[in-house]
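Taken straight from TrEMBL:
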- B:Cys18, B:Cys22, B:Cys25: [4Fe-4S] cluster binding site (BINDING)
- B:4-219: domain 'Radical SAM core' (DOMAIN)
- B:344-373: region 'Disordered' (REGION)
Amino acid sequence: MTGWRPALARSVVLRHDRVRRADLLVLPERVVILGGRAADVLRLCDGRRQVGDIVDELAARFPGAPVAAEVPRFLDRVREEGWLR
Amino acid sequence: MTSPPPPWALLAELTHSCPLHCPYCSNPLELVRRSRELSAEKWADVLRQAAELGVIHTHLSGGEPLLRPDLAAIVAAAESAGIYTQLVTSGVGLSAPRMSALASAGLRSVQLSVQHAGPAASDRIAGYRSFAAKEQAAAVVRDAELPLGLNVVLHRDNLDAVDAIVDLGVAWGAERIELANVQFYGWALHNRTALLPTRDQLSRARETVESRRQQLAGTTELVWVVPDYFDGVAKPCMGGWGAVSLTVAPDGGVLPCPAAGALPDLEVPNVRDRSLEWIWNSSPAFNLYRGTEWMSGPCGGCPRRETDFGGCRCQAHALTGDAARTDPACALSPDHALVRALAEAPPDDLPPDDARRYVYRGPRPARRERSRG
Ligand code: SF4
Ligand code: SF4
């Protein structure tokens, strides 16, 4: 994990859906509707920021949220799905 | 009337022309001629309207969409409307320059059809020498770093080769292999006797796919689309009539399902006359079998009616002559005996790999004669 700069996989698009008022991950054969703050986290996965940078930014934006504990785990799960590289 | 939930996907049948002649092709028997196809400008307009309506995905399909020289412009229009594009192709015509033009226009992924694991058998089923082009197309997609899906329609003539088909997909670099048991509409209904598998074949193939799926977990996704007729359950066709997706035919006709053009009483709305919004929300065609209100017979009071939506309207029509009846594939349907009889019928005498068993897809013979005279 050290040094990992998460970025969305090539075939994955993160977008807001104005019609359904939802954030989506769009893949070749499926659409994932993102709940909670998932889109806020994934929007920071630009291939430049390291996991630590992402945690710091989110911690500043959402004081008191359990960012340091949850965000790295979330990113790992999304990588296991093949949606982050 | 409250408007129905917005559609997620649009299947764009850009042309019915195709160099291949697959005997199970889902295109209608009456193919749209090239002179009646929508222009690229009209497709751009349709895709803009679709995005406004809520469409997220479009499958650019056919026929063979690569036969349209303006395909890249259509891809670019979808991309600029914010719609995720997937090309559904036979692979014929997908050269490296073509691929890079499509990728720079914004194409996101490619689904390639294959008819069998071996060149000779694949070409025989397609009725056209195309296997080498498919192999090359797969390489070109890989080089462009786009995700590749392989799409194989399974039937009596290739179900025994399912293991080799999976090997082929893995060797060609597919991320996803869709093993879709043939569904009996369009040309497949016409060729049902030749295509109908045996129960033994199906259960062997199902076991193979199960073990390959475990073996490939995490690398290649295997999708098994269940067969018609054999399981006693109705499939949730299209996720419900007018519920998830819409199909735009080459001439601009809009259908709730690619096979629905075969329903005789359906008044097919057209994007040349009406907005997509009106077609989706208000047209009689899209409201005919929407929801559960139209149901009668066993579906009306059935707890599964919100899960399978009473099955497939086109199948009900093909087998019973009445599209509003319960899908005979369901064991609760009073017409289920029709499906059982088909599933248990002994196979015909010709060997499964005898090309004489097929009526290949193409312009209808009657029309061909007419145009000659
Ligand atoms: S199923 Fe075969 S004939 Fe029909 S459009 Fe696809 S490749 Fe062409
Ligand atoms: S009776 Fe109708 S709703 Fe019930 S399982 Fe059969 S097809 Fe589905």
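Each residue, glycine too, has its Cβ placed from N, Cα and C.
Unlike curated records, TrEMBL annotations are generated automatically.
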To see if you understand the setup: which same-chain residues, six or more apart in sequence, place their Cβ under 8 Å from that of B:Cys22 ([4Fe-4S] cluster binding site)?
B:Gln115, B:Ile125, B:Ala126, B:Gly127, B:Val153, B:Trp187, B:Tyr360, B:Arg361
B:Cys18 ([4Fe-4S] cluster binding site) CB neighbourhood, other CB atoms within 10 A:
23
Just to confirm: which same-chain residues, 6+ apart in sequence, have a Cβ under 8 Å from the Cβ of B:Cys25 ([4Fe-4S] cluster binding site)?
B:Cys18, B:Gly186, B:Trp187, B:Ala188, B:Arg361
Starting from the Cβ centroid of B:Cys18, B:Cys22, B:Cys25, which together make up the recorded [4Fe-4S] cluster site, report each further residue of the same chain whose Cβ lies within 8 Å of that point, ordered by sequence.
B:Leu20, B:His21, B:Tyr24, B:Asn27, B:Gly63, B:Ser90, B:Ala126, B:Trp187, B:Arg361
Across the domain 'Radical SAM core' (B:4-219), what does the pLDDT come to on average, as a whole number?
95
